Amino acid sequence: MGKEQKEKKDGNLSIKEEVEKELNKKSTAELFRKIKNEKISFFLPFKCLPAQHRKLLFISFVCAVLSGGTLPFFISVFGVILKNMNLGDDINPIILSLVSIGLVQFILSMISSYCMDVITSKILKTLKLEYLRSVFYQDGQFHDNNPGSKLRSDLDFYLEQVSSGIGTKFITIFTYASSFLGLYIWSLIKNARLTLCITCVFPLIYVCGVICNKKVKLNKKTSLLYNNNTMSIIEEALMGIRTVASYCGEKTILNKFNLSETFYSKYILKANFVEALHIGLINGLILVSYAFGFWYGTRIIINSATNQYPNNDFNGASVISILLGVLISMFMLTIILPNITEYMKALEATNSLYEIINRKPLVENNDDGETLPNIKKIEFKNVRFHYDTRKDVEIYKDLSFTLKEGKTYAFVGESGCGKSTILKLIERLYDPTEGDIIVNDSHNLKDINLKWWRSKIGVVSQDPLLFSNSIKNNIKYSLYSLKDLEAMENYYEENTNDTYENKNFSLISNSMTSNELLEMKKEYQTIKDSDVVDVSKKVLIHDFVSSLPDKYDTLVGSNASKLSGGQKQRISIARAIMRNPKILILDEATSSLDNKSEYLVQKTINNLKGNENRITIIIAHRLSTIRYANTIFVLSNRERSDNNNNNNNDDNNNNNNNNNNKINNEGSYIIEQGTHDSLMKNKNGIYHLMINNQKISSNKSSNNGNDNGSDNKSSAYKDSDTGNDADNMNSLSIHENENISNNRNCKNTAENEKEEKVPFFKRMFRRKKKAPNNLRIIYKEIFSYKKDVTIIFFSILVAGGLYPVFALLYARYVSTLFDFANLEYNSNKYSIYILLIAIAMFISETLKNYYNNKIGEKVEKTMKRRLFENILYQEMSFFDQDKNTPGVLSAHINRDVHLLKTGLVNNIVIFSHFIMLFLVSMVMSFYFCPIVAAVLTFIYFINMRVFAVRARLTKSKEIEKKENMSSGVFAFSSDDEMFKDPSFLIQEAFYNMHTVINYGLEDYFCNLIEKAIDYKNKGQKRRIIVNAALWGFSQSAQLFINSFAYWFGSFLIKRGTILVDDFMKSLFTFIFTGSYAGKLMSLKGDSENAKLSFEKYYPLMIRKSNIDVRDDGGIRINKNLIKGKVDIKDVNFRYISRPNVPIYKNLSFTCDSKKTTAIVGETGSGKSTFMNLLLRFYDLKNDHIILKNDMTNFQDYQNNNNNSLVLKNVNEFSNQSGSAEDYTVFNNNGEILLDDINICDYNLRDLRNLFSIVSQEPMLFNMSIYENIKFGREDATLEDVKRVSKFAAIDEFIESLPNKYDTNVGPYGKSLSGGQKQRIAIARALLREPKILLLDEATSSLDSNSEKLIEKTIVDIKDKADKTIITIAHRIASIKRSDKIVVFNNPDRNGTFVQSHGTHDELLSAQDGIYKKYVKLAK
């Protein structure tokens, strides 16, 4: 066991180790030094403001300072008011002056708030756009080290910190600082000795703050890394949900999630404990200062009375004024410090953003770079290169070759030998480590303007990425960069004061003449839909697109999930060709196409290659696609062998090539080059061997026939190639709308209902609906932590009662100041009491804050885990919905749950504290002076209501945004609100980063996101004004209330109704309560946001999956007894999310046990859907799809009783369902049997454990190679992993890496080539030892040698391990040895059925069979 555990440890880099590795880039001491020595400008967040907004900042600052300066005046007359009330003198003139000051404070605070809200909106927008521009223009090494999920997570986190730290919190700092300084200076002038005595604890508070701040920063930095890791786990799991479900990997993902969250909680709780300790110390030390003040103030009065201080008229009224002044200034400090902490977080976040914004990319943009009249030649000279993430692995060894205009070049070689990296170097995603890339003999690629260079390149990658947009816009994206030039010019003209933006405009404008710029703008204006249609016809997708209900406006879905792989690839080809590039790069451009589509697209590519002004570069494993290239370069990363084997046997050559020649760690080089014919002459050459491995064996009897027959066949093929057979090819019409939904512009029912017309202010002040009872699940979770809740309860009891008791002691102390006989005794007594209160306050506040945060973290972790777990186990139709994209769901899991914690969980404690404080204060106040207490209670309730209305603005803003989502702002073809959401657009851009860079869409997306931000902020001016008015009232309300209280108290005292002493006791208790009420109401906005988040969280949390692997029901399976026979009987199927598209029509066939069954058909004919049904991603049970016959718009309605989907006309959506003639009912029915038992009757987990699937686009996770291979089988040892790696022909490559099986594959496996990813996926599938192996284009990304090895391995596995194999492939060579080949066909678009089935030879013998035509096209 010890050895196995060691092996597992060696091969498994834990989450903690990964994060510690990240932290160790800087030692702990270095981190402390950095925190200490970072010289960050205090006004850094405002650095990006243009001149006009800086004027607003100055106005806001001045008004905030003047507003705070009004408070010292109130304190200065406080003693006079007390004196006049005791003497019965008139105080009305003083009250009127206080009211006047209150009005001034109201106006000043309102102006300050309005200006700051405008500034905050501008800052957040500018920082976001500058961050995005910088990220978009970074180099490939940067993006290797900073995956999109991390960049997006960091951006959200940092902007949230900036948003929290500026705005009203920033002006609060200056307002209250002004009050603090004014009061403190006044107190010093009044009596410096007493003031200094009271404030002697300030240095200690400062030292504690510095020490605590260092500890908090370090722990929060660590916790942020773990939080980023958690987000990466969530996003990858949702992106690869089909892989997770098919391998029953939910528990594996959840375990990694729990581990990451555990470490996050550990470090965040350390930070929270230090913060709680700091808060407790501040509260306790402030009360200690008052104990000193009470004692020393008495000493001064006594000494003054005995003439120890000559000429000192210091008396009790002076002590009261100073104590109150310092008391309020101290309270100002307690408000300032948390806001300063928030602002310091904003400073640090801004600094982190500017580290990215100011980062100079390794591949510079070359503002003044050269532009060339043409591109005639590209030459690699002794190029060496390694990736920054794997510096020990050299990719190339003195690579040299030349590419010339008008020629076509192909690069071939084993997977991982660096073919795709050549393309990345040409695109200048990276620069060579050594050597040069020379253009036109004399221009180094580094000296050429980067944006201009990339504008001349069209790319079709191996794994095409499309945006969640329409087909039309996806094709147009290649020319949208031209639109950016015009949009950016207008933008910069309007923002001429912004240096950063001007610099970027200079980048473009300096690289071309005004005439060129004008021509490009003119060229963009001519991009018409007809151009899109023309290019679609060239790549043969026009018929397919035209058959869709929305045609070119059809949305492709998140990650193009509504398209098959072949459809995505052809749209990607159309996008590249639309650009008419000077350099056309085709990286496995036809790897996902069926033979017929490949032939047609390849013919188009061949036509394009004839362009005399274009360099065409092709990478392909299908060597038939490159035979007409002018030059073929064969790359190898193996050691040269002088002993060539003369044996012509393919297998022997293959074995020699792979086993005798070891991988060369010094990098790849060109081992052969030439035309197809010249390379084929070398019988022992690698290229010749690769060709032989891909040859398709025709029927032996046909091959042995007469030469004339062969010649005729050859002639027929040539005729078809030249066009004589084109009609026949086109007659095989392409019906590929399996995965396309009817994406008509779907409007929500609520958007069509007439909204209640309520005036704005009435809407603000009307009563809210009660919170949903469902919130009890959160409260229940909170109170499940009984020990923590008990500690919080007692700490609230203590802390809630201490302030009113302190207020009572304060009032009694004031009374003793006029009782000179007992003055010394009473002051000593009250000083001791306050010291005891200070100790109790320190303990209670520390415990309350720490356990409040502790429960919050526990609840957040639990809620996040439950939501993530419930989402993971949903059926696939849930993820097919546009509202459930990975980006949206991950936001729900992270942001919404966090808002629930801060807005509900944490605020419960604060609210409970306030209730306790309020109840004690009211009891005391009513006891001493019921009349004053009643009036003040009424006034405070009105004041609190105003606070609540201000807080509701946040919620109303969100509601208004939702109400306005139906208006069209962008050039999208859908009304879906995602396209108007900046977060969604950023998610799109970051996930498709390579495409954004390739097609120069950096500025396009920045402009699009800017419009989305402007739309989001649209119409907020009135709301800002109302918020400013309410803020002004909140700042001046205390002055108005006190003025009224003094007037009312004076009135009652004059009438003899109450005593001055009782009035003071009642008043002081309410002063403390009112100050805490303001703190409570300032958090009200968080509560409203939390309730909004709960409305999103709760439906996802309680949603029951219709196909749940957690269900233990069903027939349990003994794996050893399963034979593996699969029967498909009369299956009719439509996707619930795409009800108008029939997928299958009475589909029936059998996959025999222990045999290999291959499925072939055109792209989009439903081949992959069969595997989805087999894995029970979708069910055929009780699914009814009801369509309205005259449907124009769709609205989904899920009927939970019979699991049916009802789609109705939105405009007629009502309680009446209409007559039966208005609807057409389709049933998903039929059976899929495994060993003669319906698969729905089996236990779902047991069923999926019988299968292993290797998909066309394999999904790997951001883990080590070892962890990825053992995914789905956690009990596997390192030896098991190594064994299957040899089967998958990937072991030699892994062993050549510095970290071997511990090598991390990067986010989504991006650190590996396509072929390497696919071989690891094959190893992962084999490790599960499945009874049924599903191969969906499993070898599409492999080189010929690896493909042959894998095919041989698969045959051996089938023979030795009793496995049923079901394979989908477009390469006929990979399926010709199958026991049965099933041909899918969908000629009338009414659903796919089985056209024919049989062996390869049987199907070839059929006259005019579709399969025979496929074989012909594959030659």
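Any Cβ shown, glycine's included, is placed from N, Cα and C.
What Swiss-Prot lists as ATP 1 binding site is TYR387, THR389, ARG390, SER415, CYS417, GLY418, LYS419, SER420, THR421, GLN462, LEU1312, SER1313, GLY1315, GLN1316. Around THR421 (ATP 1 binding site), the C-beta neighbours below 8 angstroms that are at least 6 residues distant in the chain are PHE385, ILE395, TYR396, TYR430.
For SER1168 (Mg(2+) 2 binding site), the count of additional Cβ atoms within 10 Å of its Cβ stands at 22 [all protein chains shown]. Look at Swiss-Prot and you will find SER1168, GLN1256 tagged as Mg(2+) 2 binding site, backed by experimental evidence.
The domain 'ABC transporter 2' annotation in Swiss-Prot covers 1126-1416 and rests on sequence analysis. Predicted-model confidence for the domain 'ABC transporter 2' (1126-1416) is 77, expressed as mean pLDDT.
Positions annotated as region 'Disordered' by Swiss-Prot: 639-665 (among others).
Per Swiss-Prot, region 'Disordered' is recorded for 697-752 (among others).
If you look up Swiss-Prot, you'll see 82-90 (among others) marked as topological domain 'Vacuolar', on the strength of a curator's inference.
Swiss-Prot lists 297-316 (among others) with the feature topological domain 'Vacuolar', giving a curator's inference as the kind of evidence.
Residues of the same chain lying 6 or more positions beyond the ends of the topological domain 'Vacuolar' (810-829) and with a Cβ under 8 Å from any Cβ of it are 290, 294-295, 297-298, 301-302, 305, 316, 319-320, 323, 327, 1061, 1064-1065, 1068. If you look up Swiss-Prot, you'll see 810-829 (among others) marked as topological domain 'Vacuolar', on the strength of a curator's inference.
Swiss-Prot lists 1054-1057 (among others) with the feature topological domain 'Vacuolar', giving a curator's inference as the kind of evidence. Break the topological domain 'Vacuolar' (1054-1057) down by DSSP state and the numbers are 1 helix, 0 strand, 3 coil.
Here Swiss-Prot flags 61-81 (among others) as transmembrane segment. Under 8 Å from some Cβ of the transmembrane segment (61-81) lie the Cβ atoms of residues 91, 94, 97-98, 101-102, 104-105, 108-109, 111-112, 115, 171, 174-180, 182-183, 185-186, 317-318, 320-321, 324-325, 328, 1035, 1039, 1042, 1046, all in the same chain and six or more residues away from its ends.
Per Swiss-Prot, the feature transmembrane segment maps to 91-111 (among others).
The transmembrane segment annotation in Swiss-Prot covers 169-189 (among others), and the record cites sequence analysis as its basis. When Cβ-Cβ distances below 8 Å are used as the criterion, the transmembrane segment (169-189) is approached by residues 60-61, 64-69, 71-72, 75-76, 109, 112-113, 116, 195-196, 198-199, 322, 325-326, 328-329, 332-333, 335-336, 339-340, 342-343, 1035 of the same chain, each at least six residues removed from its ends.
The list of residues near the transmembrane segment (192-212) in space but at least 6 beyond its ends in sequence, with Cβ under 8 angstroms from a Cβ of it, reads 184, 274-275, 277-278, 281-282, 285-286, 288-290, 292-293, 296-297, 300, 319, 322-323, 326, 337. As annotated by Swiss-Prot, transmembrane segment applies to 192-212 (among others).
What Swiss-Prot lists as transmembrane segment is 276-296 (among others).
Residues annotated as transmembrane segment in Swiss-Prot: 317-337 (among others).
Residues or ranges marked as transmembrane segment in Swiss-Prot: 789-809 (among others).
Shown for the topological domain 'Vacuolar' (810-829): DSSP residue counts in helix, strand and coil, namely 17 helix, 0 strand, 3 coil. Between the binding-site residues ARG390, LYS419, LYS419 has the most other Cβ atoms inside 10 Å of its own Cβ, all protein chains included. Taking CA atoms as the reference points, ARG390 (ATP 1 binding site) and SER1168 (Mg(2+) 2 binding site) are 35 Å apart. For GLN1256 (Mg(2+) 2 binding site), the nearest neighbour among the listed binding-site residues (TYR387, LYS419, LEU1312, GLY1315), judged by C-alpha distance, is GLY1315. Taking Cβ-Cβ distances under 8 Å and a sequence separation of 6 or more, the neighbours of CYS417 (ATP 1 binding site) in its chain are LEU635, SER636, ASN637, SER668. Around the Cβ of TYR387 (ATP 1 binding site), the same chain contributes GLN141, ASP144, VAL393, ILE395, TYR430, SER1311, each under 8 angstroms and 6 or more positions distant in sequence. Of all the binding-site residues in the record (LYS419, LEU1312, GLY1315), the one with the smallest CA separation from SER1168 (Mg(2+) 2 binding site) is GLY1315. Summary for the binding-site residues GLN1256, LEU1312, GLY1315: the Cβ-based neighbour count within 10 Å is maximal at GLY1315.
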